[in-house]
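Undergrad: Let me give you the structure first, and then I'll get to my questions.
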């Protein structure tokens, strides 16, 4: 297996952004770039062998620099929301940017990990190929404490497993919650909405949210609610019974440090299936509620619900909820999480 490197573009500041193409003999190809450690493409065959793009993305760097909805990017230092952009650590209050409607902190702030250029090193052998991206987030960047050294490693193997491995170390107590914000449409990017995808979540509990999508602190059962995906269910079945669509965190069952099955997404027309296995305690299901007439790769039009995100990580606002799993990282510890996307057809 090999890795192919190409120049993807140059920023207005003159920085070069490279892309790395990973492929296997099964017809799966993943492309990632150094801006935002971003997944810009993943192509896979359907049950008849027809290969299509199953992520939402763009043709050129300029479109990514336009700031469209975090397409495919790594999110950090803290993915999802922090209420009022405030938290305390070891008696010190930290104020972060309120970059979501002036109220809450979202996805790491105004200059999150999605907007920086990462250093890259590719690797390959007979069974897999991949790229490790690295970035040093300085003490005080976006208001967070500690110099944080982060690596994100993408790899693809012959079993059609696309793996994301996150590692981080700090020199001062801080908080870390990393995820990837890829939009998926297994029927093919630009083919319509994801309403007819079947989703299964290995979760009996979810986090209710307030009007600003901040968890209330409760953990509730999914049974008897539109949040019940314990059995395969069309995404469109109950979506109108939610407030504008899904943007909720689900508690993953049977968590272990190897690989717990968190989600299964199936598109019946193509037969394409994606399973997500992870070490994280939660998975955020976002149904692309705010996609609005965005022109993507190949001229595809991305509208509301054209793609969905399944973002593994800690719970939103977990630093301010003592009962939630803690996102605190201490100087003598290593943040380590793994998410695997496994692809196949019926």
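Cβ coordinates are placed from backbone N, Cα and C, and glycine is handled just like the others.
So TrEMBL has the following annotated:
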BINDING   80, 81, 181, 182, 183, 247  beta-D-galactose binding site
ACT_SITE  181  active site, proton donor
ACT_SITE  311  active site, proton acceptor
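A description of the local structural setting of each listed feature is requested, covering burial, neighbours and distances.
TA: Other Cβ atoms within 10 Å of the Cβ of residue 183 (beta-D-galactose binding site), summed over all protein chains shown, number 25.
According to its DSSP assignment, residue 181 (beta-D-galactose binding site) is coil.
Secondary structure at residue 311 (active site, proton acceptor), taken from DSSP and collapsed to helix, strand or coil, is strand. The local packing around residue 311 (active site, proton acceptor), expressed as other Cβ atoms within 10 Å of its Cβ over all shown chains, amounts to 23.
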Undergrad: In angstrom units, rounded to an integer, how far apart are the Cα atoms of residue 81 (beta-D-galactose binding site) and residue 311 (active site, proton acceptor)?
TA: 13
Undergrad: So how many other Cβ atoms are close to residue 247 (beta-D-galactose binding site), meaning within 10 Å of its Cβ?
TA: 20
Undergrad: On the Cα atoms of 80, 81, 181, 182, 183, 247, which are listed as binding beta-D-galactose, what is the maximum pairwise distance in Å?
TA: 18
Undergrad: Taking only same-chain residues 6+ apart in sequence, whose CB is under 8 Å from that of residue 181 (beta-D-galactose binding site), what do you get?
TA: 69, 70, 71, 72, 73, 74, 75, 79, 107, 114, 309, 311
Undergrad: If you skip the near sequence neighbours and keep only those at least six away, which residues in the chain come within under 8 angstroms of residue 182 (beta-D-galactose binding site), Cβ to Cβ?
TA: 39, 42, 55, 56, 71, 72, 309
